[in-house]
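Q: From Swiss-Prot, here are the annotated features:
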ACT_SITE  His166  active site, proton acceptor
ACT_SITE  Asp382  active site, proton acceptor
Amino acid sequence: MGFAVVRTNREFVRPSAATPPSSGELLELSIIDRVVGLRHLVRSLHIFSAAAPSGGDAKPSPARVIKEALGKALVDYYPFAGRFVDGGGGPGSARVECTGEGAWFVEAAAGCSLDDVNGLDHPLMIPEDDLLPDAAPGVHPLDLPLMMQVTEFSCGGFVVGLISVHTMADGLGAGQFINAVGDYARGLDRPRVSPVWAREAIPSPPKLPPGPPPELKMFQLRHVTADLSLDSINKAKSAYFAATGHRCSTFDVAIAKTWQARTRALRLPEPTSRVNLCFFANTRHLMAGAAAWPAPAAGGNGGNGFYGNCFYPVSVVAESGAVEAADVAGVVGMIREAKARLPADFARWAVADFREDPYELSFTYDSLFVSDWTRLGFLEADYGWGPPSHVIPFAYYPFMAVAIIGAPPVPKTGARIMTQCVEDDHLPAFKEEIKAFDK
């Protein structure tokens, strides 16, 4: 049975008041922002149940509330209302032109309730593309920092579909912006966290001569979504504490199990074959004291409102046999060791003490890339109807084995693993390995 979604209005939402820069001013991006691989679209759905608006007062439709709040937030976050422009060096020389043309906003209505589509839990009963904004006229999607669609359901619930360009903001920065929209939607006079541009504060070490562009082999990767129970996660945490005397996070456990399950499923012929894990660690706390870096403030994320890209790729390399044979606590240990190296590795990168650029990644089938969506602020965003029941990211690419750690829909607990990381030959074994974690 199909459920129709009808788009009822499309427009560019401009800042609702004058913004600081003069029209056409160009803002420089940081060396991390300008990593060519970040010039891509990040797509996600944010599902809000039919709970009554907080405060008890009758309110207009969610789409109208959010559209008005977006216009206010774009005054503070005016670069989101601009456009990316490339210099002579292509995407690697991009800047933001503060045109004030606005963010693309689409209003839509679904001819069903959220219950009719199982709360948009996995698997989706409405195609994701119906709930994400369609293309804006006259502008390339990769030049437009933000697109948003609000789809209202017959029950009063709604879905916010977001498409943003990673060049503007990392996950924490995007979450900070979305929470600012929520602050205005709930009637606040200003966002709880004031935005800071400060891209010049990010280290800019001399780049190595660029090598040839990476060869991107396309894989036939399959989607797998699985939930890890809170009980199983806590057991793994306890086992790690018993073995080491140290604590670990839910993220540590979830990626350890996912990496181990995938490695076992690959059945590499030699136990000495190398397998790789990569995740992206926030480095705002490592910027404290750097020139031009703003001091932390209450309610900030370690950078007093900095919303640009401020992360470092953390890599774990091990022999496949070691990953397969270890218990989950042992794999967690490998991950924790890599995390412990982060301050030193980031400091070396900042002063150009490296032989290979850590931001130039290699995409091979023996490499797994992991992203954590539980700590970005999206699960706390509130437009006046309470926080979302769950968030569904779509950060998948055919050349890149990916696992995203999220949260299952409330009231479920534990962790949700959303992956596109194995081909058909390895799919059954991967599913069985993931399932075995909860036995």
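Just so you know, glycine gets a Cβ as well, placed from its N, Cα and C.
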Q: From the Cα of Asp382 (active site, proton acceptor) across to the Cα of His166 (active site, proton acceptor), what is the distance in angstrom?
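A: A Cα-Cα distance of 22 Å.
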Q: According to DSSP, does Asp382 (active site, proton acceptor) fall in a helix, a strand, or coil?
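A: Reduced to three states, the DSSP call for Asp382 (active site, proton acceptor) is coil.
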Q: Enter the number of other CB atoms within 10 angstroms of the CB of Asp382 (active site, proton acceptor).
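A: Result for Asp382 (active site, proton acceptor): 15 other Cβ atoms within 10 Å.
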Q: Give me the count of other Cβ atoms within 10 A of the Cβ belonging to His166 (active site, proton acceptor).
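A: Within a 10 Å radius of the Cβ of His166 (active site, proton acceptor) lie 19 other Cβ atoms.
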Q: Please report the three-state DSSP label of His166 (active site, proton acceptor).
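A: The residue in question, His166 (active site, proton acceptor), is coil (DSSP, three-state).
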